[in-house]
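According to Swiss-Prot, the features are:
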ACT_SITE  Glu98  active site, proton acceptor
BINDING   Tyr19, Phe20, Ala21, Tyr22  substrate binding site
MOD_RES   Ser173  phosphoserine
Amino acid sequence: MANFGCEDLRSQDGESFLYFAYGSNLLTERIHLRNPSAVFYSVARLQDFKLDFGNPQGKTSETWHGGIATIFESPGDEVWGVVWKMNKSNLSSLDKQEGVKSGMYVPIEVTVSTQEGKEITCRSYQMTNYESVPPSPQYKKVICMGAKENGLPLEYQKKLNSIEPNDYKGKVSEEIEDIIKKGEAKTH
């Protein structure tokens with residue numbers, strides 16, 4: 001893993017960076033809760049990685065009540081996501097959201113390919129110590145909404161939709177419940 005200071009991560013203005021999202025931050029409204037500078041840059045594919053869900057350090061997410069997304073190296077697999085262009089001023093809030101200080105995730109550099117075939121280096125996050133468990137229905141829904149909103153490939157959307165969630169039937173945080181309700185209203 002290379003150092004975050006790599007030139008490829010920065011846009012030409014030097015004030016922003018590129019972030020590859022593959023979990024709940026696929027959804028525009030979700031990423032904007034803590035990172036208002038995020039602007040859609042591209043749909044992209046991360047080759048030789050696989051999506052998984054887990055409890056970081058074996059602890060259930062108090063926000064999502066189930067496994068949360070991570071990626072791990074897996075030759076021949078791929079993870080689709082969204083590249084967001086973000087102002088460097090949001091880097092600390094993104095790290096905080098991803099639980100970097102508590103050791104939930106570590107920032108990594110990944111090289112992704114856009115649908116046009118352009119390769120770009122982005123910041124992303126990966127859990128290093130987790131127990132695989134299914135996501136809550138609400139978390140799965142937010143990821144699927146983001147995949148649909150941003151036009152991830154239909155086959156990948158089907159794969160996301162086929163993920164078996166856990167049986168959590170309670171509520172998640174109010175701000176997330178609001179996002180889910182707004183998303184459901186758009187599709188009806």
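Glycine is no exception: its Cβ is also placed from the backbone N, Cα and C atoms.
This view paints the features noted in Swiss-Prot onto the structure.
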residue : record                       : contacts (Cβ under 8 Å, 6+ apart)
Tyr19   : substrate binding site       : Asn25, Ala38, Val83, Trp84, Lys85, Met86, Leu94, Cys122, Arg123, Ser124
Phe20   : substrate binding site       : Ala44, Leu46, Gly81, Val82, Val83, Val110, Val112, Cys122, Arg123, Ser124
Ala21   : substrate binding site       : Ile31, Gly81, Val82, Val83, Trp84, Ser124, Gly146
Tyr22   : substrate binding site       : Leu46, Leu51, Ala69, Ile71, Val79, Trp80, Gly81, Ser124
Glu98   : active site, proton acceptor : Met104, Tyr105, Pro107, Tyr125
Ser173  : phosphoserine                : Thr63
Output field, substrate shell: CB within 8 Å of site CB centroid, site Tyr19, Phe20, Ala21, Tyr22 dropped: Gly23, Asn25, Leu26, Gly81, Val82, Val83, Trp84, Cys122, Arg123, Ser124, Tyr125
DSSP three-state assignment for Glu98 (active site, proton acceptor): coil
